[in-house]
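In what follows, a single structure is set out as structure tokens and then discussed.
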């Protein structure tokens, strides 16, 4: 009877050896003992069934709610046409002509300010082939809305065209769109320009990030990552750029003139996916994003501000607190990222040094972990030579580790939030990205913010078609005068 009862259940095959043993044991029992044994077995099977169902439900809930891996299918960086190249000599000649025409600042301060700008350009780390938008090549310079729109549309549509061509993805497959541009945000938005151009679907989840500075590229990736956890089996398009035409400062404030010397035309488009079958063809997997925002502190909030100067000319003011604020925000980001990526040996050294400093000798310096044990490649925002120098020194990096950042600054200038993608494109073009390699993208921006992305290569990565470095790669690296 017991055997017949049990064999009516679907688990009989799994428990067949056990059932045979039970049947053999049951044959030796009396009727009363057999009845007791049957009741005990029935109770145990009820418990086993409840446990099995709970286990299956728990596993199902875990599978359904676990974070979906986010993959980087491919990315592209915009390469402006060659007629937009501007050497330092050409820029200075153009600025001199404009200033002498009375269209830029006060004429009695021309020589003083020209000397200042010349020194900044010579020490900036920028080369002779960076790109300036078409409106600023004109005499007089053109800073109209039409010119600004033209620049930004050429950049973002050029980058997206290349990306879609290289990946073979149909625009209708894109479910999420995130665009960031800090100081140029027209109506309709830049995201809407992309929706209209590529006829993206009506239920597209589109976002337009503005005013978030040079670190907004990482913020855009983090926003897309969060959305990909909610919306399954779709693609996310992330576009990062900045507008130069409208944001050229034409006043006499030295602090505001610095941005003119560093920022250049550029942009990038990135395609992310959470589709499991894409793993075989993607380049990277997103491992971590870390965002730090110290805007609650007044000095952080005001260290980089867009405002009018004493003559009513709009520009971006950089305060004297910027180096201190940047160092503090970077320190917080590193302290947050370190436990996620560093090997246990580095964590122990950091912890021991912290205890010694706190309880025994306050004069002991903080231990800077060896991040070369956690990453093979570093993409440091090409915000300027001083920024790259400082991070190279504080993180104890070699010249090879910061080569991509220095060469990007030299070749393309500070392209704002897209600079970290030109750096990754450089690493790929050089054939240095191997399967399993880890890459740290780090960017700083107004607010003040410091944001990090960590990627791992899922294969030996080769440069995609139309890589922005393919025509000039043989010239790099170049020696940069200190």
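Heads up, residue numbers simply count up from 1 along the chain you see.
Heads up, the Cβ atoms here are built off N, Cα and C, so glycines get one too.
According to TrEMBL, the feature transmembrane segment maps to 45-64.
Taken from TrEMBL, the feature domain 'FAE' covers 62-358.
Taking a C-beta cut-off of under 8 Å and a sequence gap of six or more, residue 214 (active site) has these contacts in its own chain: 182, 381, 383, 414, 416, 417, 419, 443, 444, 445, 446. Here TrEMBL flags 214 (among others) as active site.
Listed in sequence order, the residues of the same chain lying 6 or more apart from residue 293 (active site) and placing their CB within less than 8 Å of its CB are 447, 448, 449. The active site feature in TrEMBL is assigned to 293 (among others).
The feature domain 'Beta-ketoacyl-[acyl-carrier-protein] synthase III C-terminal' is assigned by TrEMBL to 376-455. The DSSP breakdown of the domain 'Beta-ketoacyl-[acyl-carrier-protein] synthase III C-terminal' (376-455) into helical (H, G, I), extended (E, B) and coil residues amounts to 34 helix, 20 strand, 26 coil.
The Cβ of residue 377 (active site) has 23 other Cβ atoms within 10 Å, all protein chains considered. Under the heading active site, TrEMBL lists 377 (among others).
Residues or ranges marked as active site by TrEMBL: 381 (among others).
The active site annotation in TrEMBL covers 410 (among others).
The active site annotation in TrEMBL covers 414 (among others). There are 25 other Cβ atoms within 10 Å of the Cβ belonging to residue 414 (active site).
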Entry from the active-site residues list 381, 410 having the most other CB atoms no farther than 10 A: 381
PLDDT averaged over every residue in the domain 'FAE' (62-358): 92
Between residue 377 (active site) and residue 410 (active site), the C-alpha gap once rounded to whole angstrom: 19
